[in-house]
Amino acid sequence: MIHREAGVFQTSYEGDMSLYTLPLAKWTNWGVLFILIVVLPLILNAHKMSIVNTIALSAIGAIGLNILVGYTGQISIGQGAFMMIGGYTAAILSTRYGWPFWLGIPAGGVATMIAGTLFGIPSLRIKGLYLAIATLAVQLIVPWTILHIKWIGGDLGSIYVDTPEIFGFQFNTEYRRYFLILFFFLLAYYGAQNLVRSRVGRAFIAVRERDFAAEIIGVNLFKYKLLSFAVSSFYAGVAGALYAYYLRIANYENFELIVSIDYLAMIIIGGLGSVLGAVLGAIFIRLLPVALDLTVPVIAEDLFGVSYQSSANFLANFQLLIFGVLIIGFLVIEPAGLARLWEHVKRYFRLWPFSY
């Protein structure tokens, strides 16, 4: 059967380590790509495409954070600050030095990678809650630097960015921006999938499980902890640069502490230590406000007689409450998150029609 291992033989190490060993998995992958590239732009309007764009942007940052937290076990509450660095780097290079977006985006990633590596040095001596507090300091230092150094941001802390274009083709609509964001999302997703299956990825997992034991068997903790911070920060910088080009402005208010909490919620709900889990978490967290915005005002007005304006004011705080409840719920009921639930579904159909 195309969905079972029976009859599928691997004759090389490369074949055994390929991302998709079953025919059905390969066809499913191509089917998903077809939906992303062809179907979604045809059936969704501009507003819904903007939601999809936001999900893809968030997924890039969530994948990077999951490499650090989920695969290496290094806690970080500064993802928003690292995205801020990438966004401002791309904005400065674009507006003041005339760099094209296809150079500004990777430059934002590289600048953030350097900053993330420097801020990751404390991870060599501290971990757990203490490391979380150290990364939280990044979330305070970066906005202060932007506001108090006029060359970077100045009093307003905002830098407007021109519409990205290449060979005269402008990405000035939601549909055009979608293909730009999708390109970087696919690079980020498949790059992470291959990274975590490589020697480096196995070293990350060894550090997460027991760093002392990993060091005993020859894993260089200094190298791989800093490398994890560097890779995670690069992803965050690329996501931040894309956000700046997408919104056409780099503003520190778009990357405040609540953004870092959102990304933590994404990887916890989606599944720590899973690239797909980061994507599922981004989809869940970004669609949750849309669902609440559609349901809460109606329920509040019909059942409790609360006006739409009052329910809208309540909605902002209610969303944070829902995030907290969901994080606690997933940690208690299914710590591996949505990715594990998806594995259960796949396992069921892989064995179907047999029970074992």
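Placed from the backbone N, Cα and C atoms, the Cβ positions cover glycine too.
As annotated by TrEMBL, transmembrane segment applies to 27-44 (among others).
The transmembrane segment annotation in TrEMBL covers 56-77 (among others). Sequence-distant neighbours of the transmembrane segment (56-77) (same chain, 6+ residues past either end, Cβ-Cβ under 8 Å): 83, 120, 123, 127-129, 131-132, 135-136, 139, 178, 181-182, 184-185, 188-189, 192, 195-196, 201, 204-205, 207-209, 211, 224-225, 228-229, 231-236, 238-240, 242-243, 246, 257, 260-264, 266-267, 270-275, 277-279, 281-283, 285-286.
Positions annotated as transmembrane segment by TrEMBL: 97-121 (among others).
Positions annotated as transmembrane segment by TrEMBL: 128-147 (among others). Long-range neighbours of the transmembrane segment (128-147) within the same chain, counting only residues 6 or more positions beyond its ends whose Cβ lies under 8 Å from a Cβ of the stretch, are 74-78, 80-82, 84-85, 88, 119, 122, 153-155, 157, 252, 256-257, 260.
Per TrEMBL, the feature transmembrane segment maps to 175-192 (among others).
According to TrEMBL, the transmembrane segment annotation covers 226-245 (among others).
Sequence annotations record features per position, and here TrEMBL assigns transmembrane segment to 257-276 (among others).
Residues 261-262, 264-265, 267-274, 276-277, 280-281, 284-285, 288, 292 of the same chain sit 6 or more residues outside the transmembrane segment (320-342) yet have a Cβ under 8 Å from a Cβ within it. The annotation transmembrane segment is assigned in TrEMBL to 320-342 (among others).
226-245 is the stretch from 175-192, 226-245, 257-276 with the greatest number of Cβ pairs below 8 Å to the transmembrane segment (97-121).
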